[in-house]
Structures are given as structure tokens and as C-alpha cells.
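Visitor: If you scroll down you'll find the structure; I have some questions about it.
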């Protein structure tokens, strides 16, 4: 069969005097962009894959040729390595430069993210492999063992191993938990030391079972993931060594390129090539299209192209039956074993980067258990890859005796006292603290700002305070502790420490250390006789200690004893945030089922009030293991069953379950809670039986997505439903923040913008749910959903979706809803323009569930604050001249008209605005409707009178296009701080504010 030649176009000019260069090509996860680079060009090019003829977006931040590219799994962050020895991060696809994440002493040759994006591995000519924690941009470990430049890296899909290949053809299997070399395979790949334009690439199969490596006989060799034994080879018509290979998304095909300028396509099951193509120059890099039957290629001269229809239609598509990897540990987190660190003579921690470590190792003789069969699920097209393979049964960490002494059972339950009915009463604990063991370093406090550690010696301890963002936090000198502190709390202004009762007088000590003060000797301490401090907390201008006498003692930052409050029961824990102090106490004896009966109280220290009080829900039979505030100030709790709950004002005040560890963690793992933001939970993964992290090596944080534990729906769109309820809840929170900010007389522009973005993202999710309902014949549910859309163009997009799906009755119903919206909106805007005449007019009752934000709630607020815009909008809807609106008594804002508010008027209030149209053509399959409707813009809108008439449809289109504004609704960069009004520094701040290396 004659193969149609692939047309290549120039992406990078060869400035290497015609000599070959190593070039790279990548697809993003949604197949909407292609990224290219060249070792002879310092720029990175980003192309729109649908419009390759249009000019590319060029990123010019490196000072020398770019030798490596890698995209995070959710395609929100791009990493690049260069001959200039730096690794840089960018937002994707905007290309906005973020920071220099690390620097090498010699040129960089390869980069790769792990499956979750929490780790970035980088290597090059200096032979060491750096594992970079992308949460806080710190180097978690440096792996040393290669005797030549490292040219290829690959994380296995289970986040257990890292495979590396050097120019001498040596392959090493690294175990991520311990950082040790499991297997060393010398000379299995061709030696490429003489030509750095040849970067032999190794790659794991998508199911993680096999590692493919270019062989010595112009073939591909497959190695077993657990034993590193040779399993099979692929040998065909390559007449020279293979230099690069790439697996198809489903793992059924493999593309190989060789020094003979050929590219062969292999059927893995049959072990034979099914297609090939000869090129003028050597193809040095390839990438399969994630959502289609195509392969992107780039040659050594910087020319790239797309090989379309690469797999014959008679065979299974390369995107069909993609392995669904049930990743329990969704962030590939690993911790360092303290005992193993002590046994090794050399260390691989950041502090020992300059030392030799890990020489030649003998491959482990043990064989691991093979994985059970993979569970297969259908993937949502627009959902990030967030699942990985099921767990492996063998735990690699040896038990820690000290841990067993302080903690009991499989659940993470602190040791408890026995109640009269035989059930256990939970003892007090300090959030973010680990049990103190003599001679072992432990955490007195670990939160989103930093950590306080202690190491006990004979009669005294050594205490250190470290901040995650070293550029933001002050430098605090270490102190010698003669009191034996066991708990602490940390914020931006200072730290408070406390110890249990000790000494002849049986006294407990509380000490406060401010980080800065205008006065000397600003540190102070308090002692309590026959009274023991059980928990401490810090806030803005106050220090609190809950004691064994059921007292809540509150001090000022200067040490003034301000308040003493009696609590109704024994204290369990306490936490502070700005003016608010939250305390948990026992309200009664535990039930016979061992359910703890806890109560929480929230005190406003500045106002002297108690705004919240109530029962604290826990999972049956569990205990409380973490309690505190999110970065936005939301009260949250985490229990020993792995359930995270967040307090909400909904339904008169209730706790919402936002995360369940049992749904994502492996059986041999425990999550140690650190904190949370608006969308992420921060935790440290500990291998059983460890229930808290070791401090000998810096723990690596895991970012976990918050999601409601919803029931399995008959719609089969669980991910969309979780996104829908989460975004709706988040929108309610933003609206509350806007109300509070307005009441305080402050500018809420940032919150307004965030509300707009959340409304747009929510509408996008609802449209995809409507398409799923239509495909699943759930038309009543689709009608309920369309009523929840906020923007007019979103409703029009829904009409186009159902029309394309040939559901005329549903389209007519949607059109009626649109007519009613237009009429109601015109009435409201007329009332805003003529408040006097409308005073006697009766308003309609809102029929939408009040727990969901009304589609026009935010719009009305924006109109009321923007008189000029309201007048213009009103004049477009009525024939009567609009009267001036009386200025609102609310505080003035810094800007008269906000661009995004204007767009909200355009979308939410259903006004008459001309919009640009980009019409999608060739809509063929109903299964494509979701993606098409969300990712293409709507056509020109009609005026209100015409809107009630017959609508002409030309195909599904995007209801979110904002003219003049970059409107892409993309997943947020996992390395950027969550938006919101924050005054404090956190782990996420450390990424944005990190010092760049020029």
C-alpha cells in the first residue's frame, strides 16, 4: 500500500551550520496545541493544531538551545531544559513565564513529569538526576549512579519507579520510595556519546507493564517492570539503530524512528510492523495524538509535521481501550526512610548534592507480585488524566516500633483514654504536630506557612523554624529548648510553644516568640501551676492556650492576659485564623459504638463574640486527626477515616464532605493532613504502618483534588457531576466574600473577576452535563440543568446542542426558557433604570432552588454598581429613555467600569450585544457534541424581539468566547497560588515568589 508522504514545515531554523540538532515535539492533553523546540534555537514554539499555517507563539526565555520539553499531565504547565543549564516553567498554553525551577552545572538533556505532575525529573551532562517537588520547587532528591550524560527519563505510570538511560547505553531502574537502584542494565542500548543530536528514548507502556528500550541490533527490547528481565524484542526493517520510540495512547502500537531516516509503526500483539515511511532527514522525536489517529514528528533540521490516519481503519484505533490506571496515590508522593538514610554512608538529599552517592548496586533478587487486572472505564474527553494503576500488594517500608507505641489500629487514631462505658475518649492533640520521641527529630508544627522541628537530647532540645517560602518568611535563629516543648503554632507574626506539666511544681509553660518587634526583649512566657496546656493557637494580635482546667486563655501579642473563658468540656484541639479562634471540645462521653461526641466553637477575638457553635460530625468509629482553617478562612476537619469536611453557611450552617481518602489512597498508605486551599488538599503520604512523616528528610507534599463523595449516577458522568456541585459551592463562597467585602467598604474587583470566571466554568460544565443527559435520554434532567445556566449565550449553546442531536421538542422547551429569561431580564433592567415607577410593581418569585445561585444574582450586583453601563443596557431593551439611576450609598470602587463585568452583562443579563462568530463545521457524531459545544464560540446574537422567533443553527458553538479578553477556561496551574484575597504567605506563594535564576 502506497503511503501518502508526510508534509514537513519549518518550525526552527538550523543555526548549527547544517549539522543535525536534537528537536522535540509534544501534543497537549486535548490535542489542541503542538509544542516544538530545537537544540540549535533558544525559542519554544506553540502552534494551534487546528491552524498550523498560522504563526506560532514563541517563548524566548532561554539563552541557548532548548534540549528538553515536558508538559504536566493536565497540560497546564510546560517545563523546558536548555544548554544554558536552566529548567524553566511556563503557564500553558498562554506561555507566561513562571520561574527558573532549578539550575545544573552542565547542559540539560531530558525532562519528564510524573503521572500526577507533583514531581519533575531533570537530568543532563552532569550525570545526576534531580527530582524536583513542583509544589514548592524544592529538590526532593538527587539520584546518582550513571557514568555518563543522562539522555532519557521515564516515570512508570504507577509512580513507583523511574527509568533512566545514559549515552553509554546503561539503563537504571530507580525505586522512588528509597531512591535506590533496583536494577542496572549495562550496555543494553546503543552508545551515543559521539553525537549529542541522538537522544535514545526509553518509554513505559501505558499500562506500566513493559519498558521499551532501543536495542543493539536495530531492534526494540522490552523489559519487565518488576524484574527487569528481557521479555521480548521487535525486529523489522530498520537497517540502522533505533534512536527514538513512542507508545500509542492505548499501548497497542509503537512508533520507532531510526538513524536510517525511517519511521516504523508496530503492532505490539503481532510483533510486526504495519506501516512505515522514509524521510529526508532523521526523525529525532515523535508524539502520538492523545485524542486521534495521528503522529506528530520532527526531524533534526527543525521541520515538523503530522502523519494522519497512521493506523488503518480496519484496525483498532490508537485511542480505543486506553488503560484506565486506578491511581490511588494520585500525586506519586514518596518519603525517605530514616533508618535507611542512617544505614547508607552517603545521602541523596539536597544537602549532599555535591557528594558522591549510590555507586554500582546489585539488582534486587526479589520478585514483586504482578498487578491484578486493570479496571477499565470510559474517559471523559475534557477531563484531566487523574487516574492511575491499582496498588501493588507489597509494602516497601519496614515497620516503625515507635509509631506503633503512639498510635493504634489501622485507622489513624491517637491513643485514647477509656471511658466508663468501655469506649475510648480521644486525647487532645496539636494540628500539624508529631509525637515526640527521644533522639528523633519531629514536628512541633507543620502547616501551609512553614514548620517547627525539635530534636531531644539529654535534658534539652534543639528547635528550628523554617518557612516554605524562604524569600517571604523572616530568618529565625534556632533556639535551645530547656522546657521540653511538645506543641507549637506558627503564623506570619510569630510562634507559640508549650509543654506538658513537668518538674517538682508540676508546671506547664507557654512561650511566645515574635519574629519582629520595635522593642527589645519582646519574647514572653507564662507558667501554669497544676494546669497543663493541651493545645495552642495563633491569630492576628492574639495568642491562645486551651488547658486541662477547661480554660481557654487568650493573651495579646505583648503578653497581656486578655480573656479567660470556661469551656464546657475537655479540650481536643484548637486553631486560629486572623481574628477567629476555633476550639473543639468533648460534649459528652463517647457512644458505645466508639463514636466521639465533639463540639466546636468559633470565637471572634476582636469583637468578643461567638459567631459559630455546634456539633462536629465525624465518620462512624473515627476520631479527629486534623482541625483548622483553609487558606481562605473556611473551617475544616479531617478524621481518621480519611474524610475531610468543610463548614458552610448553606442550610443554616452545615459541614460539607469534600474529600474521602478511601477513594484515592492505596491500602498501605496513610494521608497526614497539612492544610487546604479552595480546590486542593495538601497532605503527606506515609507508608503503613507510619501514620506521620519522618523529619530526617524533607517530606514531599501531595496535592489532592477536592471532590464530593457522590453516588454513582445512572448518567455515567460522575466526574462532571462532581465538578458541577463543587463549582456551584465555590461560587456561593465567592458571592459571600463579595458581600462581606462590600459591607466592609473595600474594593472587590478581584472577587468579581473570580466570580465571573467561576460562572463561565460552571456554565461549561453544565453544557457538558446537558449533552450527557441528551445522549442518555435524561431529558427532564437536561431541562433542569438548562435553567441553571447563567449566561444567555450558554443557553443558546444548549439549544444548538439539542438541535444537533435532533431533539426538536427539547430545543423548543429550551427556547421557551430563553424567552422567559429575556423577558424577566428586560423587566429587571427597566426597574433599575426607573426605580420610582417600578416601586409599586410586584416582583416574581424565584423558582430556582435557593441553595443554588440565581442566574442573575451576580448580574444585579454588577449593574447596581455600574450606573453608566446600566443606562446603556437599559436603553437597548426599552423604547423609553432611561432615567439617571440614583447613586448607591455603597462604597465607591476604584474603577467605574470593569471589563469582565461588562462581559457578565453581556452574558448573564441577556443584553443585545454583537459578538464574533466562529462556527463549527462537520459535526458528525453525537459523541462529539459535548466537546464541540464547549470549545467553539456562538454565532451572532439576535435582539430580544428576534430571540423569541425561530433560531437558525449552523452547528454547536462556544458559549464562553469573550471578545477582547482571553477567554480560555482551562484547568488551573498546579504550581500557581489559588486566587483569592490572601494576606499571608503559603506553600503556593513559594512558587510565584521564588527568586528566579538569571
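The backbone N, Cα and C atoms fix where each Cβ goes, and this holds for glycine too.
Quick paste of what TrEMBL says about this protein:
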- 386-414: compositional bias 'Basic and acidic residues' (COMPBIAS)
- 24-306: domain 'WDHD1 first WD40' (DOMAIN)
- 427-710: domain 'WDHD1/CFT4 second beta-propeller' (DOMAIN)
- 738-822: domain 'WDHD1/CFT4 helical bundle' (DOMAIN)
- 339-417: region 'Disordered' (REGION)
- 933-981: region 'Disordered' (REGION)
- 59-100: repeat 'WD' (REPEAT)
- 143-184: repeat 'WD' (REPEAT)
- 235-276: repeat 'WD' (REPEAT)
Visitor: When DSSP states are grouped into helix, strand and coil, how many residues of the repeat 'WD' (143-184) land in each?
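Guide: Secondary-structure composition of the repeat 'WD' (143-184): 0 helix, 22 strand, 20 coil.
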Visitor: What are the DSSP helix, strand and coil residue counts for the repeat 'WD' (235-276)?
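Guide: Its residues fall into 0 helix, 24 strand, 18 coil.
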Visitor: Kindly state the mean pLDDT of the repeat 'WD' (143-184) in the predicted structure.
Guide: 92
Visitor: What are the DSSP helix, strand and coil residue counts for the repeat 'WD' (59-100)?
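Guide: Breakdown, helix to coil: 0 helix, 23 strand, 19 coil.
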Visitor: Quick one: DSSP breakdown of the domain 'WDHD1/CFT4 helical bundle' (738-822) into helix, strand and coil?
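Guide: Across the domain 'WDHD1/CFT4 helical bundle' (738-822), DSSP assigns the residues as follows: 69 helix, 0 strand, 16 coil.
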